[in-house]
Amino acid sequence: MPLQPHSRRTSGGATAAAAMAASRRPGRRGGAAGAAGSGSPCAGREVRGDASFRWSPPRTDSRGATSWTEASAGASIGFPCCGLGTRGRRLLAMAPLSTRLLIQRGRPKSNRLGKIRSLDLSGLNLLSEDLDHTLLGRLKQLQELDLSDNQLETLPADLGLPHLHVLHCANNQLSDVTHLCQFPQLEELSLEGNPFLTVSDSLKVTFLLPELRKFNGKDASTTRSKAESLNRELTTRVRMISEELVASGGTHARETDMPEGSHKATATQQPRARPVALRRPGDTLLSLSPQKRMCTSLLAPVEGSLVGSDSSQLEPLHFLQCHSKNNSPSDLKTQLWACAFEPAWDEGQAGAASQTVATCGGEAVCVIDCQTGIVLHKYKVPGEEFFSVAWTALTVVTQTGHKKRWNVLAAAGLRGLVRLLHVQAGFCCGLIRGHRKAIATLCFSPTHETHLFTASYDKRIILWDIGTPNQDYEFQASHLLTLDTTSTPLRLCPVPPCPDAYLLAGCEGGCCCWDVRLDQPQKKRVCEVEFVFSEGSKVSGQRVDGLAFVNEDVVASKGSSLGTICLWSWSQTWQGRGSQPTVAVVVLAWLQWSPTILAYFSLSTCPDKGLVLCGDEQGSVWIYDVRPLLAQRSPPQTAPQAPTQILKWPQPQAMGQTVTKTMVNTVVANPAFTYLTALTDSNIVAIWRRGEP
């Protein structure tokens, strides 16, 4: 049986396409790297259109905590997306709806639209703009409408169907149910197969449609009772919190999270299958006590062992469970995939270092203060599984004409959507659609703050310009380029010497490079060069699941050879390329790493310190200071070089028991190397701090 996306797999073999509904995260994505030089122009795709995003004000509960909610998007970007396992893209141009078509598909048969009571418009690949409210408004007696199996992203606000009792909208791309309120007499509704709708939308339907009796083929009273129960529970919680605040003098909660009751409802209904984590044989989970705890669990650290030089400088600081499903302290199954440090605010100060890190995994994105261990913000999307995060610093002009710097966090995952999060303000300010499958990784351009690369399991990399908000807080995002891949892209990075010219990517089938210059006419391009890692070999197809630049020239890559990390020269490799489509890299050194056959452990680098970082299947963090190695003028040594130090898993305490085993999926340090953050397969964010030498 083919492996599902985001399952832990052994090295070797191609990635199998898998159904999202039964999968874990689509292969383990991530990383970064790049390419440079000159190259031939490639093929093209036109920009399919812009999308308008509006900022929504944050909602504040009685504790003063902010709940993050998605802003509505005026339109989607790019081409119609096909969702997760639903229908494909619109293949044929659909003629506008006509009176003749409505009469042909209407019942009872009549030559007058006003006599039609039932209308079947299913399977026509209709887009939202095809629903002409002027034409449909003539169906004054229409009671049943079937819009299933189309490409609808929203329903027009005023279709003029006052007597509609039955509506079928299954297998579309709907992402909002608000406009259903125009059908107050609706008794039966079908919304199955709309991958962007969540449990909260199901609950919202019961409030919008008071006459609803049948929802998705089931008695609507069940959903209505859950919504009413949730409403009562939230009301009780708000009253209790208010009384506690009055008694305590108004102390505010430090963690911004959504009400616990909403997640209980999510766990109860489960509108679509959640990804299932496939764990390594022999892994065991601790049996933790179910007693009530804070939604963010702080695990008690136990001194870990460090191997190698300078071991005394790194000390375990915090171990957090802040991505728990339903805020359960016993959750040691949620897999955490990616983290990124926020850009430092004081750009003018040399060596300015951020201590704020964003982490993602499960249905949550968290922003953590590494010094205090406090979760500053938490953003949740029920039914989502986040795989990647990336920061950018936008410069915007306020209404008074002043320039202001905003750090915006992009997050993406299973649903194939990019969410733009304004962390400081505490809400989601934009949504980008453009991929038919899950997004494996994303990264911003180092030279253009609004340029964003997204890589997906649909075997495409897309370059977007997310734009900057205007005085009305609106975003205009546009689709700039599409890069086709022959296998799933796992890691992305623009090439430091020429970030506007070349993009390097580690993929399931190897390491590839694309020309991304925007002055070229082609908007759809194929891989220009593929790199191989076996000396004297031109054989491709070796997975590269770790990729990052150590400095302007040296690339660190992992996955092509068992138990090692390869350091190779971008400039020397590119100079020897010629016109060949496949080029062997110029190896500078090999680094010794874990001999595991498991894949998708992401590596990272700390260029200012010349460090390479990588986790392993035993919970250890491998740290390499490669500056002495790269300073050698002698030919590269064939024997892999040992790590500078290995941080052994500290085995923190969780509710009186020891977490003895885990996998470290990714490790990232801030530029000054004062904090190091590791994410695990067991829902633990581990933070180390480097002391003064």
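Note that Cβ sites are derived from N, Cα and C of the backbone, with glycine treated the same way.
As recorded in TrEMBL, the features of this protein are as follows:
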COMPBIAS  10-24  compositional bias 'Low complexity'
COMPBIAS  252-263  compositional bias 'Basic and acidic residues'
DOMAIN    100-248  domain 'Leucine-rich repeat and WD repeat-containing protein 1 LRR'
DOMAIN    310-689  domain 'Leucine-rich repeat and WD repeat-containing protein 1 WD'
REGION    1-68  region 'Disordered'
REGION    249-275  region 'Disordered'
REPEAT    432-474  repeat 'WD'
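Sorting each residue of the domain 'Leucine-rich repeat and WD repeat-containing protein 1 LRR' (100-248) by its DSSP state yields 60 helix, 18 strand, 71 coil. For the repeat 'WD' (432-474), DSSP puts the residue distribution at 0 helix, 21 strand, 22 coil. Averaged across the repeat 'WD' (432-474), pLDDT for the predicted model comes to 90.
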